[in-house]
């Protein structure tokens, strides 16, 4: 499927990476369902850690530091730095003795998940992790529906390979929904994605 | 063992964290044996990745971003940011299907490894990873001897608990050497620490 000229950019603007709040002010909007996916995952991972269920952390945003100022005896101030393209996914850790690795994205798009904000290095990384025996998936939220999916990487990768061979640049919403487990928003843990992982990877 | 007044600070200055090149110019010194431990691990991890042996990455340095400038159509420039205390160890990934987690430190100290530059959060994190079934260790280099050790976390933790209970603030060099496997510096892989991991954790 080709996008009409000019529409592709708009589609891109509706996809929000989670690894960089500063880039996109819309990440601070709160949907009708509550917090952003990044915030939901943060409180969920804290719950998992404190409940001794899993040790999963978001990696820091990769930054290229160009200059650091040392004003008198104060702490070091970085006064010139730039965002770098991430070479891995944003989240990893250990669950039930297994290595776990995932990327989390939310989109306002109602009909499809555009590939454009997933970096090739991240896909390669997730592919490597899976081939080494890790549990790998994406967490995709369609904010228009307030739906959060745990989407196995191997399902994503089928679409990615089609995309890389010149095929469609997005995954239809219905395809994701069919291959995923939906994670409800609850009080605590807020987004219990490991229940979906149990279902998808441990049965 | 108590340090004489004034010596403690010097001991600290001889301990170099690997997660932040900008903080310490001495990280750019090259020892007689070659590169810094951080650089050695970087090329080694790249070798492991390209040879399909393991997927292990150093996490980005955690930064608190305070202000980002968007000059015209140029890329975003971070013009105010600060280093944050890391809440996890610096390295993790997957090897032989297992979650692997480690911290790497080099010291110029000839007789002991001071605890002072290991953050409590990092120790707690490594303890959590080990209790969930991960392979956890420290890589410690004594630059004075050009010796690099893979030191199992559980050995480190014994000394850490003594330290937290008010005991000695460092680990004697001889104790580390006795409980570790020494990793030679080679051409490729430069620091084959996974050979030591095989020996310590897979036999």
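Glycine is treated like the rest: Cβ placed from N, Cα and C.
Bear in mind that TrEMBL entries carry predicted annotations, made automatically and left uncurated.
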Candidates A:80, A:103, A:106, the one TrEMBL lists with A:88, A:90, A:122 as binding Mg(2+):
A:103
Quiz question: given the binding-site residues A:90, A:103, which has the greatest number of C-beta atoms lying within 10 angstroms of its own C-beta?
A:103
Cβ under 8 Å to chain B, applied to binding-site residues A:88, A:90, A:122:
A:88
Between residue A:122 (Mg(2+) binding site) and residue A:105 (site 'Transition state stabilizer'), the C-alpha gap once rounded to whole angstrom:
13
Which Cβ among the binding-site residues (A:88, A:122) has the fewest C-beta neighbours inside 10 Å?
A:122
